[in-house]
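To start, the structure itself, in structure tokens.
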Amino acid sequence: MADNNKMSREEAGRKGGETTSKNHDKEFYQEIGQKGGEATSKNHDKEFYQEIGEKGGEATSKNHDKEFYQEIGEKGGEATSENHDKEFYQEIGRKGGEATSKNHDKEFYQEIGSKGGNARNND
């Protein structure tokens, strides 16, 4: 406790947080999180989200190794496959192919085709 039997701001915040967590359930936190996200999205632009995403990605990459990314990728893939059907994958494959074709030329496809053929021959 701070001087004169007064709580510090930090102590008061911690106690308030503990009390709140005892009095509310998961749905409460989901609801206030959604409201906060909506309010934030109204106040910030695309660049803001790109910047915080980049900073978060850099911080995460410093704290995790290759196995971490393999594990979360596998979990994400499993969750996605449980929630989507064949048509979903056909659609995202088509969109990805279109985007790739806009960004690459004939030489790119010749190079990756050659690499794929070489890899297959080495198996």
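Cβ coordinates come from backbone N, Cα and C, glycine included.
Positions annotated as compositional bias 'Basic and acidic residues' by Swiss-Prot: 1-29, 41-109. The region 'Disordered' annotation in Swiss-Prot covers 1-123. According to Swiss-Prot, the feature region '5 X 20 AA approximate tandem repeats' maps to 13-120. Residues annotated as repeat '1' in Swiss-Prot: 13-32. Feature annotation from Swiss-Prot assigns repeat '2' to 33-52. Residues or ranges marked as repeat '3' by Swiss-Prot: 53-72. The repeat '5' feature in Swiss-Prot is assigned to 93-112.
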Of the residues in the compositional bias 'Basic and acidic residues' (41-109), how many are helix, strand and coil by DSSP?
61 helix, 0 strand, 8 coil
Residue counts in helix (H, G, I), strand (E, B) and coil for the repeat '1' (13-32), per DSSP?
18 helix, 0 strand, 2 coil
